[in-house]
Amino acid sequence: MAKRLDLTDVNIYYGSFHAVADVSLAILPRSVTAFIGPSGCGKTTVLRTLNRMHEVIPGARVEGAVLLDDQDIYAPGIDPVGVRRAIGMVFQRPNPFPAMSIRNNVVAGLKLQGVRNRKVLDDTAESSLRGANLWDEVKDRLDKPGGGLSGGQQQRLCIARAIAVQPDVLLMDEPCSSLDPISTMAIEDLISELKQQYTIVIVTHNMQQAARVSDQTAFFNLEAVGKPGRLVEIASTEKIFSNPNQKATEDYISGRFG
């Protein structure tokens, strides 16, 4: 668990459109890395390349290297499904299977892998729900539909589903954007706990959230409309928010643009 990610000279294209240019960065194990920047700067595009989710879009391609420890996830013969198992994703809006029970939501990935042993499934459901700080709230209604939970509970259910398959990395695409402040606090507390076991990358538009939950922060920006997004700088979150190297970073953090 908790592997390192390294990007070297990564360029991302959709057909002939150059979406992101020349990204090189290291994402350390058992830490939280935040991607920040204005809309359209490429931060979510980069996030999705980390587990090849962008490939669902026709014409998408990546140049450069993305290494999970020492394994290039884009090397010939690498199965994208295996990549997504090792590098899980939590999306912007909670997306549990609404008619499926809470228990079956959590173990859906294991069942897709062919696991049928009831004890293994039940034990995994409990451990994953505990890991997502949801067990005490749902342990007496595991057979009720996941769609009946509150928004914040649904997002934690999605996190439980992601960790049930024992990934090395968790990607989170604005996981609190549709949640109320109390639910957001619960997710942020959970992120701080999960980083003890997982490598976490989070995209957020909330500067305060990035400052609260992350160990390092990467700032992305656009040179101009129609130009590719670029990584401006990456450093410890303390440095990015107190003394960044680039004026563009300071301007964005201070709210002068974006």
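Glycine is no exception: its Cβ is also placed from the backbone N, Cα and C atoms.
Straight from Swiss-Prot, the features:
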type    : residues                                               : note
BINDING : GLY37, PRO38, SER39, GLY40, CYS41, GLY42, LYS43, THR44 : ATP binding site
DOMAIN  : 5-247                                                  : domain 'ABC transporter'
How does the model score the domain 'ABC transporter' (5-247) in terms of mean pLDDT? 94
Same-chain residues six or more away whose CB lies under 8 A from the CB of GLY40 (ATP binding site)? LEU222, GLY229
Using the centroid of the Cβ atoms of GLY37, PRO38, SER39, GLY40, CYS41, GLY42, LYS43, THR44 as reference, list every other same-chain residue with Cβ within 8 Å of it (recorded ATP site), in sequence order. THR45, PHE220, ASN221, LEU222, GLY229
Ranked by the number of other Cβ atoms within 10 Å of their own Cβ, which of the binding-site residues SER39, THR44 ranks first? THR44
To which of the binding-site residues GLY37, PRO38, GLY42 does the lowest count of other Cβ atoms within 10 Å belong? PRO38
Drop a 10 Å sphere on every Cβ of the binding-site residues CYS41, LYS43 and tell me which sphere holds the fewest other Cβ atoms. CYS41
